[in-house]
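Remarks on the structure that follows.
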Amino acid sequence: MSREQPSPSPISLNDADAPLNNADARTQTPPVSRSNRPSRACTIRAAARLQQQQQAVIERKQKPRKQEQKQQVDESSVQQKEQCSGESSKIVTQLVAPPETAQLPRWNLRSMWELASVLNFLNVFRHLLNITVEFSAEEFETALITPNDTLGDIHMPLLKAIPPITRMALTRDTWITVLCRKLRDWWHWVAGGELPLVASHGVEVEVYKTLDPGVRVVILKALCDIRVEQEDIRNYIDNSLKHGIQLSLFRKERSGGDSQGINYWYEDDPMIGQRLYREIRKTEVKVKAKARGSQIIPNVTYLWETVATNFEEFQDVSEKLFTSKNRAEASLGKKLKNDMLPEIEKVYKRKERLLKKQHRQALLLDNFLSTDELAPGRSLRDRKPVTYTFDDYDRSINEAIKITKRKPPSPEPFSRREGFAKPEASTNGELSGPSHTIATWHFQCRIS
């Protein structure tokens, strides 16, 4: 079979009579064949779709690079803003000096936010806890370092209000055992990790005394968390909020701070005392090669400090903060000097007068007791040893006889007056007998 000849092009049909030269022949359109025919519509669509997919892959590869560039631009802009605003916000004034060796246990306790939480709990709900013992924050710290009766007087009212009710009597000798039984039921609700104290036939009493003071603080913090979940405290909180009391009474709000993770907290307790705390949050981002699309989790650490516990420390801290180059610290220092420090000074002076009064009373009592001991009183004779023979009796009789012989003879008794006549009885108001008897009696009296 012979191939059919392609039909002449329309151009050649129309221009059949026109003379053609060699140059025009060279520029004529070649005949359409399988190699040079135009692509079909379905092929064009498939090629376009494939090109779009390849373009999307290229864009996805370039997107992380754009994000990294954008992040670098953002970091540079943040740094520029910080440089523009000044480096004052990065300044953290040192307020707590390193402790001495003897004060290290107390300093470690004050570095725990759990201790501040317990003190705040006792301040807010004291009227519901039935804790009758009075103590200062320093006495409370001493009891945590070296357990004493004050620690038991704080724990026992808390344990009484927490179910279930135990059959064991709650005393100063048994409250640690009751504490173990209460924590066994509640520990996994309020704390994490293993229970640090377990009842073991009385051995837990000695184990509790040997615990680290920080562990005792964590146990007491867990006990306070259990106590706040009881019905009486929850009803008190709900009723207080209904009557318009602010939530800040139950949830402590910070007294100052900045956006760099530094917060200040002020605790004002008329019985325990005033304290100022500082919380420093540090965020560290570790730069490591990670898979694409993974999230970098920053490492956040917290540092808790008790920066002021008495009037002298408040004065020192307020002066340091007031003269700080950090604007947030300077603002807090101004607030301390103008608002808080005058009230703290009043409380401090009132306590100082009370201590002086108690000191004077103690001196008067000591002087009274010492004077009473030196005052002349009844002589104290030494008791002689008891003997069951008659030697001492015979000796005492002989000494009495000798003393009697040495005494001089006693004088004779007064002689009765002679010539004294007793008047006779009267008859009808008249004396019986001669009247000279009365005269004689008067005369004898005068002579005698």
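Placed from the backbone N, Cα and C atoms, the Cβ positions cover glycine too.
Because TrEMBL annotations are produced automatically, they should be read as predictions rather than curated entries.
Straight from TrEMBL, the features:
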type	residues	note
COMPBIAS	1-12	compositional bias 'Polar residues'
COMPBIAS	13-25	compositional bias 'Low complexity'
COMPBIAS	26-38	compositional bias 'Polar residues'
COMPBIAS	45-56	compositional bias 'Low complexity'
COMPBIAS	58-73	compositional bias 'Basic and acidic residues'
COMPBIAS	74-91	compositional bias 'Polar residues'
COMPBIAS	425-435	compositional bias 'Polar residues'
DOMAIN	117-162	domain 'DDT'
DOMAIN	208-238	domain 'WHIM1'
REGION	1-91	region 'Disordered'
REGION	405-435	region 'Disordered'
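Break the compositional bias 'Low complexity' (45-56) down by DSSP state and the numbers are 12 helix, 0 strand, 0 coil. Secondary structure counts, DSSP: the domain 'DDT' (117-162) has 33 helix, 0 strand, 13 coil. Mean pLDDT of the predicted structure over the domain 'DDT' (117-162): 94. Taken residue by residue, the domain 'WHIM1' (208-238) breaks down under DSSP into 27 helix, 0 strand, 4 coil.
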